[in-house]
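Peer 1: Dumping what Swiss-Prot says about this protein:
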type	residues	note
DISULFID	Cys256-Cys267	disulfide bond
DISULFID	Cys284-Cys377	disulfide bond
DISULFID	Cys356-Cys369	disulfide bond
DOMAIN	263-378	domain 'C-type lectin'
REPEAT	119-141	repeat '2'
REPEAT	165-187	repeat '4'
Amino acid sequence: MSDSKEPRLQQLDLLEEEQLGGVGFRQTRGYKSLAGCLGHGPLVLQLLSFTLLAGLLVQVSKVPSSLSQGQSKQDAIYQNLTQLKVAVSELSEKSKQQEIYQELTRLKAAVGELPEKSKQQEIYEELTRLKAAVGELPEKSKLQEIYQELTRLKAAVGELPEKSKMQEIYQELSRLKAAVGDLPEKSKQQEIYQELSRLKAAVGDLPEKSKQQEIYQKLTQLKAAVDGLPDRSKQQEIYQELIQLKAAVERLCHPCPWEWTFFQGNCYFMSNSQRNWHDSITACQEVGAQLVVIKSAEEQNFLQLQSSRSNRFTWMGLSDLNHEGTWQWVDGSPLLPSFKQYWNKGEPNNIGEEDCAEFSGNGWNDDKCNLAKFWICKKSAASCSGDEERLLSPAPTTPNPPPA
C-alpha cells in the first residue's frame, strides 16, 4: 500500500509546482502592466513586494489542503476497492451455493427414480397374477354364511324339549351342513342360502319351538334326498325340500308376538327399560295390552319366577291410589284375600305414600308410584289348537319361599 502512495504524492507535487508557476507568470504580467502605467518609483516597488508576499502566502496555504484532499480521495478509492472485493467474494460464494443446490436437486431427483425397476416390475406382475387368482376363487363367503346359518338353525331346533328327537335333528343338520357346503353351482347355493335365511327367521319366531314331529319328518326327507345324491348334483331336490320345510314352518301357530312369552293362553312382555307406574300403564296400552293383572296362583308363580330370575323390581297393575289400604287392579277388580299371602313380610307398609305394587324378590312390595322400574304387560294369545297350546305352555314352577 505504501508503494502505491509514493507515485501519487510525486504527481501531486508536480501539479502544485505547475500551478504555482502559472500563477507567478500571470502575476508578473500584471505587475509589468502596472509598472508601465505608473512608472518606476518607490511606491510601485513596495506595492509589488507586498503583492508577491501575499500571493506566496496564498499558495503555501493551498498546498496542505490539496494534499489532504488527495489523501481523502485515496482513502475513498481504497474503501471502494475493499467493498468491491468483498462483494465479488460473496457473489462467488452465492454462485457456488446455487450451483451446489442445483446439483443436489438433480441428484435427489435421480436417486428418487433409482429403485430397481426390474424388481418393481416383478412385484407388480406377481400382484396382478395374485389378484386374478383371488378373483377366480369360488364364493367362500357365501359357503361360510350357509354354514353359519345352518349352525344357528341347528342350535334353534336343538332347543326342542324332546331330547331324543333333538339329537337326531342335530345330527341330520350336521350332515346337511357338510353336504350343502360341497355343492359346486353358485346359483343354486345362492337360492339355498336365501331359503335358509328365511327358514332361520321363521324358526326364530316360534315362541316355544312347537311342531317338532313335522320338522323332524321334513328333515328326514331332506336327509334322504342329500344322501341319495351320487355326485352332489341333484341340488334341485334339496331346493324343493327346503321350500316344503319352509312352508311347514310358516304354517305353525304363532300365538304371541316376537319377544313375548306364552303362558296358559296369554302373552307376557317383560320390559328392558324402566318407567314410573303410570307411564308403564301407558306403555302397555300402546301395544294393545295392560299392566299385568294376576288371576290365579299359577300365573302368580309364573310371573314371580320371571321377575326373580332377572333380579328386577317390576311394576304390576295393582295399587291403592283410589282409597288408602284398598288394593285394586287396573281392570277395576279388587285384590282377593287369598292373594295377600304374596306380600313380603311387613308389606304393604305405606311408608312415605307407597301406593303401587311391585314384584320384589320372592314376593310383593308397595313403593312410591313415581319411581322408575321395569314392568310386565299382558294380553290374550292368538287362537291355536289344543295340542299346540299344550306344547307352548311351560309347566309352572313354584318359586322358593321367602326367607324367614
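Placed from the backbone N, Cα and C atoms, the Cβ positions cover glycine too.
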Peer 1: For Cys369 (disulfide bond), what residues in its own chain, 6 or more apart in sequence, show a Cβ-Cβ distance under 8 Å?
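Peer 2: Expected: Asn276, Trp277, His278, Ser319, Leu321, Asp355, Cys356.
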Peer 1: Which one of these disulfide-bonded residues has the most other Cβ atoms within 10 Å of its own Cβ: Cys256, Cys284, Cys356?
Peer 2: Cys356
Peer 1: Expressed to the nearest Å, what is the distance separating Cys284 (disulfide bond) and Cys267 (disulfide bond) at their Cα atoms?
Peer 2: 12
Peer 1: Can you tell which of the disulfide-bonded residues (Cys267, Cys377) has the fewest other C-beta atoms within 10 angstroms of its C-beta?
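Peer 2: Counting other Cβ atoms within 10 Å of each of the disulfide-bonded residues Cys267, Cys377 gives the minimum at Cys267.
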Peer 1: Counting by DSSP, what is the helix, strand and coil composition of the domain 'C-type lectin' (263-378)?
Peer 2: 29 helix, 35 strand, 52 coil
Peer 1: Would you mind reading off the Cα separation of Cys256 (disulfide bond) from Cys377 (disulfide bond), to the nearest angstrom?
Peer 2: 12
Peer 1: Could you state the CA-to-CA distance between Cys267 (disulfide bond) and Cys377 (disulfide bond) to the nearest Å?
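Peer 2: Their Cα atoms are separated by 8 Å.
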Peer 1: Restricting attention to the repeat '2' (119-141), give the mean pLDDT.
Peer 2: 59
